[in-house]
Structures are given as structure tokens and as C-alpha cells.
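Some notes on the structure that comes next.
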Amino acid sequence: MADIFQLLAERVLAGTPATPEDALAVLRADDAELVSVVAAAGGLRRAHFGNTVKVNYLVNLKSGLCQENCRYCSQALGSAAPILKYSWLSKDDALKQAGAGLGGGAGRVCLVSSGRGPSSRDIDRVTDMVVALKEEHPDVEVCACLGLLSDGQAERLKDAGVDAYNHNINTAESHHDTIVQTHTYADRVDTVEKAKGAGLSPCSGLIAGMGESDEQLVEALFALRELGSDSIPINFLMPFDGTPLENTWELSPARCVKILAMARFVCPDKEIRIAGGREMHLRSLQSLALHVANSIFLGDYLTSEGQAAHADLEMIRDNGFVVLGSEEELAQRGPADPAIRRRGAGTDRVPNA
Ligand code: SF4
């Protein structure tokens, strides 16, 4: 019998997008079909990203003390989770933290702050950090994640050299109001649109395991496809004690792999990132998940510790992947194309002599 997931992958690769019914079939695949699902989704991953893994590093610029009431969040109003709480890191501290991630192999730094959204002064702080970071590390990609944006803020970030903006839709529109009441789903979408409008690469994803139905997970994913999110972090709920969702355990490792595979079938050429909850929920299937997703966070998360960074890098190597932008990856790209001369004779620029 033909493998239905392989047929789906071939169809998607040939340009016919996956439908919500296809996505549900992936999500509801029997555990006995897990390897077939991974093989088919893995083919799409390889077609678009080869053997590369994008490695991202989080810097939590401001932790806790948030006035919003997102039920999953350890930094939210009313959360009793014993997390680190601090106000803005200094520029030097932020640069030091970012430098550690880059030294560890990350290619993108995600500068994150808790809170509903940034003030004009907060944007000043972050743009200052970004200018300094890019001076020190010209090749770094910077993603900012500062909450809901007001008019003009995305443009200021873009002008300072920010490459991408993260704002997750988190869950389906039909489930949103059971998860948070202090802002709306439309507020979230509006911020992603503002980022896109300013020319920032939109990064928006979801959190699975918050009481949503299969159909709602599919709804969220198709909303992200519609939004044109370039990178899609897939988080698995970490049910912190002291938050309203404590003791919410709905995910198995196999289900997490199927969620990632579903994301790959629906958005085959987008960066699918295994985000928060990777170690806790995928456990020994982390490696398998890497054959479907093409991006991870290195090391720690915003308020919780991840596995040791060297174990992340070892997992990448052991599975035959290379870190995007690493010397190994650059070597496999082969020699660069000849650079066309734009200086010296025939120009008014100084010669290379
Ligand atoms: S706005 Fe952000 S930091 Fe605040 S509670 Fe929601 S997710 Fe947490």
C-alpha cells in the first residue's frame, strides 16, 4: 500500500499546499506510523533546508513583572512561579549574554523583554543594544521580541538593524480568550502585521498543550501560514508551578513530533523551530524531531534552563546535521561566486592596492 504521508509530501513538494484535513491526518497518525510521518516530513525539510540547523540564542532583557495575564506564562501577573525577576539589563550585560550565545554557535540572537509592549524609551534601549551588537558581530541576525508594538516602533527597530520580530499568536483565535484576557488575538496579529509592514522578517508561532483541540492546533497553524510567518517557533507548554496551567500535561513525545511534522507539511519552506519545552516533552525523541524541524534554541529559555549547549550541538552533529553559518556549513556550500570588482579602475573608489 502506498504510504499516504509520502504521497502527501510529494504533493506538497509539487506545489499543492496541504489542507486542514491533511494536517489533521498527520496529527492523528497512529504511533506505529510515526517513522513514516517523520520520513515524509523529513524529505520536505531536506528539500528546503538540506542538512542545516539554525541555532538561535535567547537573551531575556527584562524578566517577570508583567501586567498581562497569559495563563501559560511564568512571568505573568499573578504567577507565583519562583523565576528570576529583573528590570532591563544594561547594554554591556546584554552584549555579554548575546556574545556568549554567538560564541556557542548561535547565528541569531533573540532579544526578549517581558511586558505588554515597549515604551519609546524601551525602543531606544534596544536599538542602542542592537547597534552595538552589530558593530561587534556584523554577521549576527537579531530578532526582537518586545510585545505589542505601537505605530512607528517596528520602523525604528528596522532602522537600527533589527532583522526579525517575534510575536507569537500562541493559539487558535477560537481558543485565545480562554488563555489570556488582557489583550486580544487581533492585537497579536496586528503586531505581526506591523513588523511585516516595516520590512522585519515575521517570526510567529504557537504553544501546544494548553487545552486546545486538534482542530484548534490546525487552525493556529493555518493562521500562521496565512500571516506569512517566516519562522514558526513551536513551543510545548511548560506547566510551571504557580501558574494557572500548572499540572497541565497533555503531550507525549510522539505527539510533539507529529505536531512538528504537521507544521512542516503545512509550511514546508518555513523555518520550523523546536522552541520551549523541547527537552521536557520530546525527551528521547529530540533527535527524531530534528529530522522534521530545522531550528532550535541553544541552551536556556527565558525563565527555565535547557539542556547543556554542548549537548544541543552534539545532537546536531550526531544526527548528521550542521549548524547554519558554521565553518562546516560554509565549507559544504563550496567556493563563493566571483565577487564582481566595484573599485579601482573605471570607478571613483580607491583601488585594492
Ligand atoms: S505578555 Fe509576554 S511576558 Fe507578559 S504574561 Fe504574556 S507572554 Fe508573559
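Counting begins at 1 with the first residue displayed.
In case you wondered, yes, glycine gets a Cβ from its N, Cα and C as well.
In TrEMBL this protein carries:
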type	residues	note
BINDING	CYS66, CYS70, CYS73	[4Fe-4S] cluster binding site
BINDING	CYS110, CYS143, CYS203, ARG273	[2Fe-2S] cluster binding site
DOMAIN	51-275	domain 'Radical SAM core'
REGION	333-353	region 'Disordered'
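Counting in whole angstrom, ARG273 ([2Fe-2S] cluster binding site) lies 19 from CYS73 ([4Fe-4S] cluster binding site) by their C-alpha atoms. The helix, strand and coil residue counts that DSSP assigns across the region 'Disordered' (333-353) are 0 helix, 0 strand, 21 coil. Looking only at the domain 'Radical SAM core' (51-275), the predicted model's pLDDT averages out at 95. Around the Cβ of CYS203 ([2Fe-2S] cluster binding site), a 10 Å sphere holds 27 further Cβ atoms from the protein chains shown. Cβ contacts within 10 Å of CYS66 ([4Fe-4S] cluster binding site), excluding its own Cβ and spanning all protein chains shown: 22. Recorded residues CYS73 ([4Fe-4S] cluster binding site) and CYS143 ([2Fe-2S] cluster binding site) have their alpha carbons 20 Å apart, per Cα-Cα distance. Screening the binding-site residues CYS66, CYS70, CYS73, CYS110 for a C-beta under 6 A from any atom of ligand 1 leaves CYS66, CYS70, CYS73. In terms of local Cβ density within 10 Å, CYS73 ranks first among the binding-site residues CYS70, CYS73, CYS110, CYS143.
Cα separation, CYS110 ([2Fe-2S] cluster binding site) to CYS70 ([4Fe-4S] cluster binding site), rounded: 20 Å. A Cα-Cα distance of 19 Å separates CYS70 ([4Fe-4S] cluster binding site) from CYS203 ([2Fe-2S] cluster binding site).
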